[in-house]
Amino acid sequence: GSSCHDSTALLSSSLPLFFFGHKTVHLSTKLKINKYIFSNSVKEMECNSRTSNFPCDFDLEYQTGFGNHFSSEAIVGALPQGQNSPLICPFGLYAEQISGTSFTSPRKLNQHSWLYRIKPSVTHEPFRPRIPRHEKLVSEFNQSNSSATPTQLRWKPVEIPERPTDFIDGLYTICGAGSSYLRHGFAIHMYTANKSMENSAFCNADGDFLIVPQKGRLWITTECGRLQVCPGEIVILPQGYRFAVDLPDGPSRGYVAETFGTHLQLPDLGPIGANGLAAPRDFLVPVAWYEDGSRPGYTIVQKYGGELFTAKQDFSPFNVVAWHGNYVPYKYDLSKFCPYNTVLMDHSDPSINTVLTAPTDKPGVALLDFVIFPPRWLVAEHTFRPPYYHRNCMSEFMGLIYGGYEAKADGFHPGGASLHSCMTPHGPDTRTYEATIAPGNEAGPHRIADTMAFMFESCLIPRVCPWALESPFMDHDYYQCWIGLKSHFSGLSMNEDNVDLQKGKPIER
């Protein structure tokens, strides 16, 4: 293991303290430490001496699986055996539960974890409104803070700010529906940032975050451990977990979907059968890792009802030495997705590419689907292969991580976004349509390569925030991509029967 606090490195209860950079590392002087682990500890010390805001870039260990009951300990024996909350926990730790569902939710839906930490998270000063206020976060959508519009919308990639901006300050809401107070709805955000979070952690009390980085890696420290998330991967940070975001590559940009009142899960596969799409084993969960020692002035920033509050404490919230449960942060590499597609005719619905879904009480209706359009083969015969022209009772927000999107030859760039709301028509632009029909039925198999687009799709109708509508990155000429579509109707040049049909006369056979 490469983590300084990995359980393979710590095998004794006799644990003096060694300090590596700003981290506190417990090692037994009576045990022989694996040379590989020690070399990585030294490597982290050296890296922290250069950049104290984030851990060094080395391979992190993960647990695998989706929805499993996981267990992890940074010190062997830190997890209590036989019960969750003993009178005295091993090593003098505090037991603390975090519940992502109500206590009485059915067992198959119940999500919770037990954390064993050096100090409990309750040890902080009272929360106070964060000053200055963050004016661009919304979690309750109504006429006072957002607008309804059926117009197709598109945004160009947003530039990285010049002033120092971390993940919290760089986060802003684009659109959404419902209310975090009523525990039903969603919000779609974007972020641009250029600095790591300093002596602070973020906690979202409103809902789960699904983060899709488009530019720059994210090093995310959570109470369960650490994750590295690259463009082309996603990370889910459940409601209530505290986390910090560091930017090893500097400028960073991406997309965030937030769900209120329900959690993401793998979609049912139906006739596909037991395999395909996103495999449970490809989801990665961090292993226990902790910080100890005094951290004066450490700030917890909590998002609650779309507003930000802060509380001070004198220790890091990442002081969890061991944990177990099924309510955990996790990540997924989109390149591992196994797509299914047409092998004879017609274009499959985009639902065939669903990675994760947040369901509603109505079967088959999603509060939010996360759908991707990865590299794949197109082989359908006598078929218009790009997405067909469409009006949908669902609303679709699209983003592009890299490459191009098959239905938009022009104007849709990595880091950009589009929104097609309920029953608003949309589909391929003029250039894509003309290029697709030009070869006729002689078109052979074609592989879509070097691309990764995605869609957040919801049954709710989104309202759009004013700063998104007024953004200098709004593409006001988006509608022009369809204006050039011309009629290819050939009825007037066909036989007399068709002429009679145009006049409303029945055709006799």
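Placed from the backbone N, Cα and C atoms, the Cβ positions cover glycine too.
Feature annotation from TrEMBL assigns domain 'Homogentisate 1,2-dioxygenase N-terminal' to 61-334.
The domain 'Homogentisate 1,2-dioxygenase C-terminal' annotation in TrEMBL covers 335-489. Summarising model confidence by region, the domain 'Homogentisate 1,2-dioxygenase C-terminal' (335-489) averages a pLDDT of 95.
Here TrEMBL flags H347 as active site, proton acceptor. All chains included, 16 other C-beta atoms sit within 10 angstroms of the C-beta of H347 (active site, proton acceptor).
Residues or ranges marked as Fe cation binding site in TrEMBL: H390, E396, H426. The number of other CB atoms found within 10 A of the CB of E396 (Fe cation binding site), across every protein chain shown, is 21.
Look at TrEMBL and you will find Y405, H426 tagged as homogentisate binding site. There are 26 other CB atoms within 10 A of the CB of Y405 (homogentisate binding site), with all protein chains counted.
H426 (Fe cation binding site) is surrounded by 19 other CB atoms, counting those within 10 A of its CB over all protein chains shown. On a Cα basis, H390 (Fe cation binding site) lies 12 Å away from H347 (active site, proton acceptor).
The two recorded residues, H390 (Fe cation binding site) and Y405 (homogentisate binding site), show a Cα separation of 17 Å.
There are 13 other CB atoms within 10 A of the CB of H390 (Fe cation binding site), with all protein chains counted.
Same-chain neighbours of the Fe cation site beyond H390, E396, H426, judged by a C-beta within 8 angstroms of the site's C-beta center, are, in sequence order, P387, R391, N392, H420, T424, P425, G427.
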